[in-house]
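Chemist: This is the structure I want to talk about, given as structure tokens.
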Amino acid sequence: MLKKWRLISLFTILTLVLAGCGEPFLSTLKPAGEVADQQYFLMILSTLIMVVVVIVVSFIFIFVIVKYRRSRLGEDHMPKQIEGNRNLEILWTVIPIILLLVLVVPVVAQTFSQADTKPMDKKNRDPEKTLVVNVRANLYWWEFEYPDYGVVTSQELVVPTDERVYFKLKASDVKHSFWVPSAGGKMDTNTDNDNKFFLTFDSKKAEQAGEYFYGKCAELCGPSHALMDFKVKALSKAEFKQWMKNMENEKAKPKTDLAVEGEKVFKEKNCLSCHATDSKDQRAEAARTAPNLATFGERSKIAGVKDFNDENLRAWLKDPESIKPGNKMTGTYPALNDKELDALTEYLKGLKTQD
Ligand code: HEC
Ligand SMILES: [Cu+2]
């Protein structure tokens, strides 16, 4: 009796825990766009076919066991032999072929349609209609560049809803993989070639998802791989245009004395040798070694993982290693005293495109 209860409570807990797996901002089972819808359809289709096959085979299996059991028919019973029966052979050859065809036709069709990235390579591409985002994956952070606008952000990808957004994917150190589970994918980011694909973000689903879709690195890349998260903010076309305008015109000026002090510390402590604080900073590729902090004050997370508040920001600045083991800010990173930490926190919080 006790054993049974243990089992029951185990399953009850499992139900509760697993129920958390279907969040609309982070689940392939809650598709939020054209690509995700198609991939969801394929998942359902293949699962259905498998389930039907398992049910039919199990049914035949049980039927045969029951009908032809020895205790019923006796020791010497020899059932009718059907080896080489032409009709049966045809039947169980043709059925799998049909099942495979039902699977293969949509899979191949969708593989080709989802690989259609021709519009992004067109010479006279209109960025208003065909948006391209260059994604660069780094240990353990993400950079998003809008080449048509000369704008760079990191950690938070901003996209317009209800249109195809084309991505050019690259990694700067080791192989990573770009994955927005709700919107589809994933696709590897490699160091020696560009991968390309597109995703769409449905406006209604974006509303249900809340403020952000979640993005992940889906290729084991090092000790902080599991912390290599990013957010996707899907805006209406008009909001997106406004955001881009803000980015193009952004110029963060420190507003308080403490923030001015923080800016000074930022320069003195060599933070600028890795970080840009201007989204249009067009330094050489090689200099882009750290997240662009131009809109840092607008982020929802610090370093992609910690909730955005003073306490967490201070903790990150004090000891980044304890939050993301092996991250690339450690090493030559200076020890900072309380005053410097306060000033830096104030300064970084104020890095926004708008007040
Ligand atoms: C050696 C290059 C380097 C130096 C110097 C450096 N950083 Fe960083 N910083 C990084 C990298 C790389 C990351 C991304 C870490 C991660 O998320 O894995 C980062 C992340 C950050 C973040 C979080 C960014 C985000 O988008 O969430 C802040 C804030 C930050 N650094 C502030 C500073 C400050 C302040 C200094 C100077 C005291 C500094 N950094 C010096 C490389 C550097
Ligand atoms: Cu990674």
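Each Cβ is built from the backbone N, Cα and C atoms, and glycine gets one as well.
Below are the features I grabbed from TrEMBL:
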- 20-118: domain 'Cytochrome oxidase subunit II transmembrane region profile' (DOMAIN)
- 38-66: transmembrane segment (TRANSMEM)
- 87-109: transmembrane segment (TRANSMEM)
- 128-246: domain 'Cytochrome oxidase subunit II copper A binding' (DOMAIN)
- 257-352: domain 'Cytochrome c' (DOMAIN)
Chemist: Under DSSP, the domain 'Cytochrome oxidase subunit II copper A binding' (128-246) has how many residues in helix, strand and coil?
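Modeler: Split by secondary structure, the domain 'Cytochrome oxidase subunit II copper A binding' (128-246) comes out as 20 helix, 58 strand, 41 coil.
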Chemist: Could you give me the DSSP helix, strand and coil counts for the domain 'Cytochrome c' (257-352)?
Modeler: 46 helix, 4 strand, 46 coil
